[in-house]
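*Asks:* The following block contains the structure, expressed as structure tokens.
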Amino acid sequence: MVLKVFFPSCCSSADSGILIGRWLSEQNSAVILAVAHFPFIPVQVKHYLGEVQRLTKVSVSVLGSWSNSKQEKEESLSEFLEDLGTIFCHEPWIQISKEGDSKFWSCSILQKHSKNPQEEEIILVYYDQRKVMLSHLHPPLDTAGQRAEDASKLSAIFDTVARSQVLFMTDRYDEGPIKLTHWQSDGVEASIIVELLKQASVPACMLLTFLLSLLSGICRSRVLKFWPLSFLWSKLSTCEQLGHRLQHLQVISSNKKAQNQNQLMRKANIFVSLLIDVALGIVLMSWLYRKNRIGHLADTLIPVADHVAEELQDLLQWLMGAPAGLKMNRALDQVLGRFFLYHIHLWISYIHLLSPFIERILWYVGLSACLGLTVALCILSDVIALLTFHIYCFYVYGARLYCLKIYGLSSLWRLFRGKKWNVLRQRVDSCSYDLDQLFIGTLLFTILLFLLPTTALYYLVFTLLRLLVVIVQGLIHLLVDLIDSLPLYSLTLRLCRSYRLAAGVKFRVLEQQDGKPLRLLMQINPLSYGGVVQTYRLPTYSCYPRDSWASLCKKLFLGELIYPWKHKGDKQN
């Protein structure tokens, strides 16, 4: 058989001593966890390992001896290490030795109590104890008692290292009866500041949880369910983003411990996302209130609105003439043109009526950037929606009129073919019409058909303007969703400490020589950047309904409205 010895790379330069670890009989493997150095008392070692086994529920024992002779090997030390096998009584007894500066190690197995000792092939596997401990490739610690008993899997090694955390957590200034070498041999130096922050975080989280529960209770109250407030809450993207951030704060301030790695990463990603969002918002706010940029922005807003209104007036004058040499229905063209010109006149009057208050409104809106850059971007999207409300009205009027004519023409076309739409059965059935119905249908079909080009031209122009506004709002919401959903903490871990996001392990051959054990190096395979984003991406809200290009073209042809607002059904789980 092949005996596998998993040896921590941090112990390769340790002084001579005994090997402490766990024996996996099903795998015929030994997991070395630490090296205990001389001098020691065997009774104290057994008592210490008994306490560790009681706390960790891991059968930790002395597996063998370790010899690191920087000079020539001494016979007395070799005999002493062999005699330790009779004191601790472990079968088989593993002896690993490193002679001088040689890169090849010798590893032997002693089976004193075996009647038929067999020569086994030995594979020495080095592993980084720190990376294995923090890689979370092992099962969750709270379900360790329910772990799978399939010892042929490599997860038993990770589970052994993870559950032996008590063996590693030693204080730097605690001089115990046993001196150990492992990945935390220098000990964990306690920080007074960190301990004070831990103590202060408990009441701070309790206070934050109380305030958030009070705020969420107000948001769920019946006052906000009445028509005006409920309409604004469901339509404004700022309200949606504030509700989204409120949910994030409730997740962070929750006193429930994370059950697994995904929940822990989700909390960390949300916290980092909130921190960066607020930091960018404060930077934006400081930039706005410096050098009177709010006043310059307010002075620029009115001329821009007037310029847009003038361009729309010129566009309508062009449509009321002979646009691109097309022959339009003059009566309908004049009616639609004057109707839209009157709306533009009302819009200009409304803008100039608000002009004395715009700077003060922008000053208070700029303060909202302290809530985060995403909130400021959502307010910008809502401001664009309000400033282009006349374009939205033009689009709705043109779409409704165009849709009415399309459905009228389709109904009259079925009349020509002797068909009708069955509302009850939702299908087209045959029907017989008399002469008067066919005559009236012919007249109406002719009128609608010759008026359709004029209506379609107005609808096409205003639809293009509406799509331009929708694209601008969509780009803003894409930036908001990017800040909300991007797992920045996980990406930083992937960049700096890739072993924290492990996808598996790989083995690399170090040296191989006849008469010497095969030496392998176990390395952690990190997740790819795409896998990190896909695994730890935070849930967010989509900007608009995700229609395919075919359904979008169908809506445009039939004159159905493209809503720019967020809907409750557009949430991503």
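For all residues, glycine too, the Cβ spot is worked out from N, Cα and C.
According to TrEMBL:
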- 200-219: transmembrane segment (TRANSMEM)
- 270-289: transmembrane segment (TRANSMEM)
- 335-354: transmembrane segment (TRANSMEM)
- 361-388: transmembrane segment (TRANSMEM)
- 394-416: transmembrane segment (TRANSMEM)
- 437-461: transmembrane segment (TRANSMEM)
- 467-491: transmembrane segment (TRANSMEM)
*Asks:* Can you work out whether the transmembrane segment (361-388) touches the transmembrane segment (270-289), with the criterion being 3+ CB pairs under 8 Å where the paired residues are 6 or more apart along the chain?
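*Replies:* They are in contact.
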*Asks:* Should anything in the same chain at least six residues away from the transmembrane segment (270-289) have a Cβ under 8 Å from its Cβ atoms, list it; otherwise answer none.
*Replies:* 245, 248-249, 251-252, 297, 366-367, 369-376, 483-484, 486, 488-489, 492, 538
*Asks:* Which residues of the same chain, at least 6 past either end of the transmembrane segment (335-354), have a Cβ under 8 Å from a Cβ in it?
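*Replies:* That would be 302, 305-306, 309, 312-313, 316-317, 319-320, 361, 389-390, 393-394, 397, 454-455, 458.
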